[in-house]
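Colleague: Dumping the structure here so I can ask a few things about it.
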Amino acid sequence: MSSVVVVGTQWGDEGKGKITDFLSQNAEVVARYQGGNNAGHTIKFDDVTYKLHLIPSGIFFEDKICVLGNGMVIDPKAFVEEVAYLHERNVSTDNLRISNRAHVILPYHLKLDILQEEDKGANKIGTTKKGIGPAYMDKAARVGIRVADLMDKDAFREKLVQNLKEKNRLFEKVYEADPIQVEEILDEYYAYGQKMAPYVTDTSVVLNDAIDEGKRVLFEGAQGVMLDIDQGTYPFVTSSNPIAGGVTIGSGVGPTKINHVVGVSKAYTTRVGDGPFPTELHDEIGNQIREVGREYGTTTGRARRVGWFDSVVVRHARRVSGITDLSLNSIDVLTGIETLKICVAYRYKGEIMKEFPASLKVLAECEPVYEEMPGWQEDITGAKSLDDLPENARHYLERVSQLTEIPLSIFSVGPDRSQTNVVRSVYRP
């Protein structure tokens, strides 16, 4: 038995999709356990680039089972469109399974997301406006509609009528917006549900059976630890738990069945949306990293904020997610920068802080304490092992591993699957 979780150690966009795709080659089941189509992952192989938002990266392997777990919120329309996108590119979806316990995103969630974000004005959190937060709100309030409900038109209608009473009061009285009628949703979304139906099952059974049979199961997190609703930079976070602990809740697999946790990080730091970012760069080096690394959001197209590698953040991620293996991406993007910096601690009111603070007010006043390292000029995009890297690049990787206290298992020197290299197997017993 070998089950592995892949989590982002920063604010998302670390390259989890690429690493999951790479690790999928040796897995038999690939599962997502939280989030929805607010996630965006880009996978490139054979010079073809694919962009997915909902479906796990393992879909490109016909012999892998791909699971959308119960902890997800699924937009039926977005799902049907993504399946069509894959079919147009001759990618089969026969190996896909959807949890009958996952919640669904409906048009009123999308509308509410936009209205709530606009209403916050200067205090907006930078939501992707995909309805994720409002869908999780309904789940917590116990009024959510699940995939199982979508399969039954009468049950779907009954819950829809009840929910729209409340939502329309909100739209009309609070936001002075037009109400939504049952007829605007019912038939269209029931039809989407019928297209989803062949994939729907009890995925907890699928996953536990696979693990019990000794199969390799890979769990794919969306977003990152710093966007976790409990452990991230609250309230500038997502509405679910991307940390490894979210696997047990969002997939129906017990904690005793998880073997290793791979923390994915860039060799620098990026962030989309608002919120504190201690190592953010506003200079020419920041622009260079953004352009060379093509740091624009897969889901939103927004330019990502860019900064130096922050070991305080990744150490925090290691602790709260129990990370056992480090996967460091986009090392090649730093090529050509004369002096590199790594944040080793924060300075707050003259005191050194080595752990990530809970208070955003404190964080906003923290100054990064940097350690400088010499960069490298050599092209490293063809490197196949640590020995192929220039000495300064190798030292940089070693220092990141030391500071984060996570052994390096994978590093990548470019966007293609062939540019990802294994230092030690994450599927070890």
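Heads up, the Cβ atoms here are built off N, Cα and C, so glycines get one too.
Quick paste from Swiss-Prot:
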BINDING   12-18, 40-42, Arg304, 330-332, 412-414  GTP binding site
BINDING   Asp13, Gly40  Mg(2+) binding site
BINDING   Asp13, Glu14, Gly15, Lys16, Asn38, Ala39, Gly40, His41, Thr128, Arg142, Gln223, Thr238, Arg302  IMP binding site
ACT_SITE  Asp13  active site, proton acceptor
ACT_SITE  His41  active site, proton donor
BINDING   Thr298, Thr299, Thr300, Gly301, Arg302, Ala303, Arg304  substrate binding site
Colleague: Let's check the environment of Thr300 (substrate binding site): how many other CB atoms sit within 10 Å of its CB?
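Modeller: Thr300 (substrate binding site) is surrounded by 17 other Cβ atoms within 10 Å.
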Colleague: Near Arg302 (IMP binding site), which residues of its chain come within a Cβ-Cβ distance under 8 Å, counting only those 6 or more away in sequence?
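Modeller: Counting only residues 6 or more apart in sequence, the Cβ neighbours of Arg302 (IMP binding site) under 8 Å are Val272, Gly273, Tyr296.
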Colleague: Using a 10 Å cut-off on CB atoms, tell me which of the recorded positions Lys18, His41, Arg304 is the least crowded.
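Modeller: Comparing Cβ neighbours within 10 Å for the recorded positions Lys18, His41, Arg304, Arg304 has the fewest.
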Colleague: Going by Cα-Cα distance, which of the recorded positions (Gly12, His41, Gln223) sits nearest to Thr298 (substrate binding site)?
Modeller: His41
Colleague: Could you state the whole-number distance in Å separating the C-alpha atoms of Ala303 (substrate binding site) and Gly15 (GTP binding site)?
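Modeller: Their Cα atoms are separated by 16 Å.
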Colleague: Is it possible to get the count of other C-beta atoms within 10 angstroms of the C-beta of Val413 (GTP binding site)?
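Modeller: Result for Val413 (GTP binding site): 25 other Cβ atoms within 10 Å.
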Colleague: Select one residue from Ala303, Ile331: among these binding-site residues, choose the one with the most other Cβ atoms within 10 Å of its Cβ.
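Modeller: In terms of Cβ crowding, the pick is Ile331.
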Colleague: Among Asp13, Glu14, Gly15, Lys16, Asn38, Ala39, Gly40, His41, Thr128, Arg142, Gln223, Thr238, Arg302, listed as contacts of IMP, what is the widest Cα spread in Å, to the nearest whole number?
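Modeller: Site span for IMP, by Cα atoms: 34 Å.
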Colleague: Tally every other Cβ atom lying within 10 Å of the Cβ atom of Thr298 (substrate binding site).
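Modeller: Within a 10 Å radius of the Cβ of Thr298 (substrate binding site) lie 16 other Cβ atoms.
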Colleague: Which whole-number value in Å describes the distance between the Cα atoms of Val413 (GTP binding site) and Gly40 (Mg(2+) binding site)?
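Modeller: Gly40 (Mg(2+) binding site) has its Cα 20 Å from the Cα of Val413 (GTP binding site).
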